[in-house]
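Colleague: The feature active site is assigned by Swiss-Prot to Thr2, with sequence analysis given as support. Residues or ranges marked as Na(+) binding site by Swiss-Prot on the basis of sequence analysis: Gly157, Cys160, Thr163.
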Amino acid sequence: MTTIVSVRRHGKVVMGGDGQVSLGNTVMKGNAKKVRRLYHGQVLAGFAGATADAFTLFERFEGQLEKHQGHLVRAAVELAKEWRTDRSLSRLEAMLAVANKDASLIITGNGDVVEPEHGLIAMGSGGGYAQAAASALLKKTDLSAREIVETALGIAGDICVFTNHNQTIEEQDLAE
């Protein structure tokens, strides 16, 4: 699995993920890039789950973004519908976190499109650890969104055996 964290704070949205790819109990790769920019750099997207499945979902989601002129919520809802009803897609085992200047969303294969509270997304095998860390930092510090994402991923990497410390982090100004 993996850990993906996204935080909205102080006029920025930041998304980060670790780089570990595991097959069973073996680490196959340590520098995978699980967070990227989509739709002309306007959307941040990260995945947790099977890598090949995630790439399929990235392609489908980017197609929905193009179809709906970059409208994040509409594209997410349409992908979730397609994912739930298309026989080949329904077998995919991954989750997507997506964010732009307007919203942060989690998209699942069950057809769920969830906008989490407080602008915080944490998912994957280390998601619980990262969420606890990021929540505490959001409540008790004035750290930047990037610092919170970096710290939360680091804590998840210390605890979760399926998460490493090789971080990919993308950030976007909310004014863009």
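Placed from the backbone N, Cα and C atoms, the Cβ positions cover glycine too.
Remember, it's a predicted structure, so these values are computed and weren't measured experimentally.
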Colleague: For the residue listed as 'active site', which residues of its chain lie six or more apart in sequence with Cβ-Cβ distance below 8 Å?
Modeller: Gly17, Asp18, Gln20, Val21, Lys34, Phe47, Ala48, Gly49, Gly124, Ser125, Gly126, Phe162, Thr163
Colleague: Just counting, how many other CB atoms are there within 10 A of the CB of Cys160 (Na(+) binding site)?
Modeller: 21
Colleague: In the three-state scheme derived from DSSP, which category covers the residue listed as 'active site'?
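Modeller: For the residue listed as 'active site' - judged by DSSP and reduced to three states - the answer is coil.
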Colleague: Across all the protein chains here, work out how many other Cβ atoms are within 10 Å of the Cβ of Thr163 (Na(+) binding site).
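Modeller: Summing over all protein chains shown, Thr163 (Na(+) binding site) has 29 other Cβ atoms within 10 Å.
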Colleague: Is it possible to get the count of other C-beta atoms within 10 angstroms of the C-beta of Gly157 (Na(+) binding site)?
Modeller: 22
